[in-house]
Each structure stands twice: as C-alpha cells, then as structure tokens.
Amino acid sequence: NPDCLLPIKTGPCKGSFPRYAYDSSEDKCVEFIYGGCQANANNFETIEECEAACL
C-alpha cells in the first residue's frame, strides 16, 4: 500500500489525538500524536486498522 510509505504527519493544528501510522524504518505501526488537521493517508484510528492496511 503506497499510502503506508507517506511520512508520519502531525499537522499544524493543536489538537492531541492518538493515532497510528506505519513507520517504514521500523517495519511496524507506531503511535503518534495527530493535531487534528491536514493529515495524509498514513493515519489510522487504531493499530489494527494500520496493520491491516500496511503489514
């Protein structure tokens, strides 16, 4: 899935939402804090969604 290779993007907004993204350097899904706007497609609400899409 090419979306999984996109960089992990917090975005410019000031929210604090736990999300998951695929980290290609670690070959796994990792948690990060999402600000709430301007996400890219490498942004999943659960680790299960991330793993289903990217692993």
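Backbone N, Cα and C define each Cβ position, glycine as well.
As annotated by Swiss-Prot, disulfide bond applies to CYS4-CYS54 (among others). Non-local neighbourhood of CYS54 (disulfide bond): ASN1, ASP3, CYS4, TYR22, CYS29, ASN42, each in the same chain, at least six residues away, with C-beta under 8 Å from its C-beta.
Swiss-Prot lists CYS13-CYS37 (among others) with the feature disulfide bond. In the three-state DSSP reading, CYS13 (disulfide bond) counts as coil. All protein chains shown were included, and the count of other CB atoms within 10 Å of the CB of CYS13 (disulfide bond) stands at 13.
Taken from Swiss-Prot, the feature disulfide bond applies to CYS29-CYS50 (among others), supported by sequence analysis. Cβ contacts within 10 Å of CYS29 (disulfide bond), excluding its own Cβ and spanning all protein chains shown: 23.
Averaged across the domain 'BPTI/Kunitz inhibitor' (4-54), pLDDT for the predicted model comes to 99. For 4-54, the entry in Swiss-Prot reads domain 'BPTI/Kunitz inhibitor', with the evidence type sequence analysis.
Minimal Cβ crowding within 10 Å, among the disulfide-bonded residues CYS4, CYS50, is found at CYS4. In terms of DSSP helix, strand and coil, the domain 'BPTI/Kunitz inhibitor' (4-54) has 10 helix, 15 strand, 26 coil. Across the structure, CYS13 (disulfide bond) and CYS50 (disulfide bond) are spaced 22 Å apart at their Cα atoms.
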